[in-house]
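Engineer: One structure follows; several queries about it will come next.
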Amino acid sequence: MRPSTSAWKGPQSSTPPSLAGLEELRRAVEDAGYTVEPVGDREHELERLSKVREVRALRDRLAFAATGAILLFLGAFGGFPWVSGWMDLAFYPFILWALASAVLLWAGAPFYRSGLAAVRHGSANMHTLIALGTATAYGYSAAVVLLEAFVPSVLLNAGIDGKVFFETAAVIIALVLLGRYLEARARGQTSEAIRRLIELRPTMARVVRDDVEIEVPVEQVAFGDLLLVRPGEYIPVDGEVTGGYSAVNESMLTGESMPVEKSPGDQVYGATLNQQGALFCRATRVGEETALAQIIRLVQDAQATRAPIQRLADQVSAYFVPSVVAVAAATFLLWLFIGPAPALTFAILVFVAVLIIACPCALGLATPTALIVGIGRGAEQGVLVKQAETLEAAHKVDTVILDKTGTLTTGKPVVTALSAIGMEENQLLALAASAERGSEHPLAEAIVGEAQSRGLVLESMTGLNNIPGQGIEAQVGGETVLLGNRRLMEECGVVLDGLLPEANSMAGQGMTTMFLASSGEARGVIAVADTLKPGAKEGVARLRDMGLTVVMLTGDNASTAYNIARQVGIERVEAEVLPGDKAENRTRLTKRRARGRHGRRRDQ
């Protein structure tokens with residue numbers, strides 16, 4: 001078997017099916033004190049990551065244990081009128097016993113199972129201390145109840161006053177369950193990064209087989225299948241375009257804020273959004289081989305690391321628990337002989353106190369909880385802590401790596417500049433928006449949105465013709481309108497001499513430029529770009545004021561990346577970097593600054 005430990009998934013193990021039957025393997029794992037859960041199913045994976053079932057079970061156990069502990073605590077004191085009337089009844093101690101039994105046997109069952117499993121395998125853990133301590137308090141109290149009811153002379157001769165400690169055992173179970181519940185909630189919250197990635201996976205795919213379109217679960221898509229992806233649909237798997245033209249939003253994969261034009265021969269990736277035209281694609285990578293699956297695996301592997309202090313906690317628990325049991329036993333014997341009367345009662349209390357107080361919860365429970373909560377708070381602020389040990393090394397950070405799209409910018413293109421010839425800018429914008437109002441391209445949405453925000457009146461449009469990789473042609477107000485790149489204008493014989501200097505200046509600032517012509521004459525140029533997030537410049541300035549070196553690492557094109565970097569004050573830029581290469585670039589930066597540390601801020 002190949003064991004592994006994950007900061008967010010708990011202990012795991014995998015084994016080839018040929019080595020052991022699944023049922024035998026399940027029994028062996030459960031006998032060791034762990035639980036067995038299937039993986040792979042998307043819905044189950046999401047539920048498992050969010051720890052919904054674990055949190056729900058712990059919540060129910062905590063509520064039951066807390067209720068029982070409160071009742072037992074109140075029932076142990078005669079100062080309450082409703083309690084004093086019952087305490088004189090002969091069966092009252094049995095009521096306390098029954099209530100404590102329910103709390104320990106159901107709410108505390110996981111601790112006893114884990115503690116006993118560890119003992120059977122010749123080891124001990126924190127649950128061993130909890131189980132031994134609570135069982136001792138419970139067993140002593142149960143013995144006192146039975147002796148007082150049936151052989152009271154034994155207690156009298158031993159000088160034992162008949163006091164029971166059922167509430168002690170129940171309160172301990174409730175408090176430990178509270179810690180476990182908070183820890184489970186924190187773990188579920190910090191898995192949101194992986195949850196969001198898994199939710200990006202399409203569930204269905206449209207496959208063309210024998211010239212017939214059929215919808216199948218994405219898991220059934222095989223290598224070489226021909227897929228049809230319509231506008232507005234997510235591409236189900238990685239593949240190669242065999243037919244059609246479109247613009248695909250790949251920002252979730254590459255960080256590129258602008259959609260990427262796709263034509264036959266181009267590569268497409270699963271979970272990216274087809275925004276414009278229909279595409280026929282041949283599946284080249286499916287299942288766990290897709291780019292998204294590899295990214296998810298990278299994040300999972302990174303989160304599987306453990307901080308050094310957590311490894312120390314494991315080592316401490318392994319050696320510390322037997323020592324604590326030995327000390328508690330010695331303490332019991334010591335106070336049994338020299339303790340105040342009744343000596344047995346006092347010795348039992350001291351024995352339980354040593355076991356519970358010595359439980360290394362500060363390392364075994366508080367440490368992972370603090371790490372998890374810290375990682376969760378970072379995730380809420382858009383900071384992905386990929387390795388637990390980085391939190392311990394955070395004070396040594398001297399370089400911060402920032403992504404661009406979604407971190408420094410909004411990730412949504414807007415119109416940023418206009419230049420018109422022979423007409424007003426608003427007329428140019430209205431004409432362009434009128435031509436684009438029937439297009440689904442994100443750049444068209446930016447132009448139409450800007451025109452609407454200015455309250456411009458748009459004319460009717462007919463005869464829209466999408467020209468793949470170049471732009472559009474449409475009839476607006478009886479005129480033929482062209483809107484697209486320089487290649488479209490040149491092929492249609494439109495002279496751009498008066499607009500080229502302005503367009504080149506816009507492009508040099510990282511903007512995407514589109515020329516507009518009507519009736520064969522150039523009318524102007526419109527620039528669209530991603531925009532800075534509010535506070536981005538101030539945030540970078542604060543990092544630099546702290547003495548940190550700030551580096552931008554992005555999949556966007558170089559001109560756009562450098563323009564954004566200039567606006568926010570970043571001097572070091574690594575552009576056009578794919579997700580799979582970002583780790584390599586980060587490693588290179590780390591080696592270059594071998595004596596320091598670096599942190600990374602990615603898209604929210």
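Even glycines carry a Cβ here, placed using N, Cα and C.
Unlike curated records, TrEMBL annotations are generated automatically.
Quantities reported herein were computed from a predicted structural model and do not represent experimental measurements.
When I checked TrEMBL for this same protein, it listed these features:
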type     : residues : note
TRANSMEM : 62-83    : transmembrane segment
TRANSMEM : 89-108   : transmembrane segment
TRANSMEM : 129-152  : transmembrane segment
TRANSMEM : 164-182  : transmembrane segment
DOMAIN   : 199-300  : domain 'P-type ATPase A'
TRANSMEM : 316-338  : transmembrane segment
TRANSMEM : 344-367  : transmembrane segment
REGION   : 581-604  : region 'Disordered'
COMPBIAS : 588-604  : compositional bias 'Basic residues'
Engineer: Over the domain 'P-type ATPase A' (199-300), what is the model's average pLDDT?
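Structural biologist: Here the predicted model's pLDDT, averaged over the domain 'P-type ATPase A' (199-300), is 86.
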Engineer: Do any residues of this chain, six or more beyond the ends of the transmembrane segment (129-152), have a C-beta under 8 angstroms from a C-beta of it, and if so which?
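Structural biologist: Distant contacts of the transmembrane segment (129-152): 90, 93-94, 96-97, 100-101, 104, 108, 111-112, 114-116, 160, 162-166, 168-169, 172-173, 176, 321, 324-325, 345, 348, 351-352, 355-356, 358-359.
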Engineer: Would you say the transmembrane segment (316-338) and the transmembrane segment (164-182) are in contact under the rule of three or more C-beta pairs closer than 8 Å, pairs 6 or more apart in sequence?
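Structural biologist: Per Cβ check, the transmembrane segment (164-182) does not touch the transmembrane segment (316-338).
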Engineer: List the helix, strand and coil residue totals of the domain 'P-type ATPase A' (199-300) as derived from DSSP.
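Structural biologist: When I sort the residues of the domain 'P-type ATPase A' (199-300) into the three classes, I find 21 helix, 41 strand, 40 coil.
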